[in-house]
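> Found this in TrEMBL, in case it helps:
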DOMAIN    67-375  domain 'Tryptophan synthase beta chain-like PALP'
MOD_RES   Lys105  N6-(pyridoxal phosphate)lysine
BINDING   Asn131, Thr374  pyridoxal 5'-phosphate binding site
Amino acid sequence: MGNYSLVCRSCGERCEGDAYRCPSCGGILNTEYPFDRRDALCSALRNARQYWDYEPFFPIGRECEKVTMGEGFTPLVPAPGIARAFGIRQMSIKNEGLNPTGTFKDRCMSISISKAKALGASAVVIGSAGNAGAAAAAYAARAGIPCYVMVPTSTPPERVAQIQLYGARVILVRGSVTDCIDLIARVYRERGWHNVTTASAYNPFQADSEKAIAYEMAKASGWEVPDWLFVPIGGGGILSGIYRGYLDLFRLGLVKKLPRMVGTQEEGCCAVVNAFRAGRKPAQIERVENPAGIAVAIADAYPLDGETALQAIYDSGGYSESVSSAEILEAQRLLGRTEGIFAEAASSTTLAAAKKLREKGVVQAGDSVACVVTGSGLKDLQLAARHMPRPAEVEIDPEQLNRAVDGMEAAV
């Protein structure tokens, strides 16, 4: 099994081989790593130049063939214009939209498909709101493994088209992404599929992929840590994964503090925010009935990794905040026109929530803030187009052009 162990959250049993669930009780599996080679691990973190240089922190053996397309090592972009607009000392954006298929899910799928191939998978299956499905389809295509993707009927057509372009077999499900995942859970074993859904309950091997976001952010910032780190919550795995990454760095002495984690959701689907506001324990998160909103990438009625996300929020002294569709669109436009970054709606919840918490006084003027843009706005082109004004239209006539330009300048 290499440099890691699989340990059941429920019964504590250590698995002797690779498994997707505990063979004794069916519980969810966590990965554990030995930290006895401290110097070697610190060296790996300091000297990393590409995603798979973090292999000692991934649950995959060195002998496995890596399925990779250059994922990871996305830029950490200073955002001084946003910092000024919000009245804070420092703002930075981790732009995950520059991954191969446009979202952070490529990190998960590079590991998941590599592991599935090593285990001899004849086919893989995933339930997704579109982003993870596209990543699974792309990496499965590269590995030569058939891929089935279940997405809600409400999934934007451009997301479905991207999945189909990679050759995956897409099935539209009349329900939420949570319903897609539940449906797969009832049939994947009998069909012999490997379930690569990005939730620890079904796929423990991908759960550590997001740790590298923390490693990369720390390295890019000279091992400094933001006071607040805003992360969108759909299933919740990315927030808890990033926090585990910072815990690794702290444990190894590479950073001196941990960030306060802030989980962001849209008002129409905010199970974790509801639990946080009510002061509930992580195990008391309740499913949202009839999810609604524009942030389809995080419209998980029940976040399967919500418990670990909420625990990370509590442990870090963080926060969880919801924002409206209007606030999301405003933040999306602000990020685009101020910093030149086109973020999808789900990612824009981070900027909208940062503005909201600054106005509430939770985030202070002297604080440093980082937001994870989990996906590119190119994933939501129809949404963006619907909320943009119609451009001026002219004949091939300099006088008309000048009038149009003068009108634009007067409107600024």
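Cβ coordinates come from backbone N, Cα and C, glycine included.
Values in this document were obtained by computation on a predicted structure and should not be read as measured data.
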> For the domain 'Tryptophan synthase beta chain-like PALP' (67-375), what's the model's average pLDDT?
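So the average pLDDT across the domain 'Tryptophan synthase beta chain-like PALP' (67-375) works out to 96.
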> Measuring Cα to Cα, tell me the gap between Asn131 (pyridoxal 5'-phosphate binding site) and Lys105 (N6-(pyridoxal phosphate)lysine) in whole angstrom.
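Spelling it out, the Cα of Asn131 (pyridoxal 5'-phosphate binding site) and the Cα of Lys105 (N6-(pyridoxal phosphate)lysine) are 7 Å apart.
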> Would you count the other C-beta atoms found within 10 angstroms of the C-beta of Asn131 (pyridoxal 5'-phosphate binding site) for me?
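Its Cβ has 31 other Cβ atoms within 10 Å.
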> Give the number of CB atoms, excluding that of Lys105 (N6-(pyridoxal phosphate)lysine) itself, located within 10 Å of its CB.
32
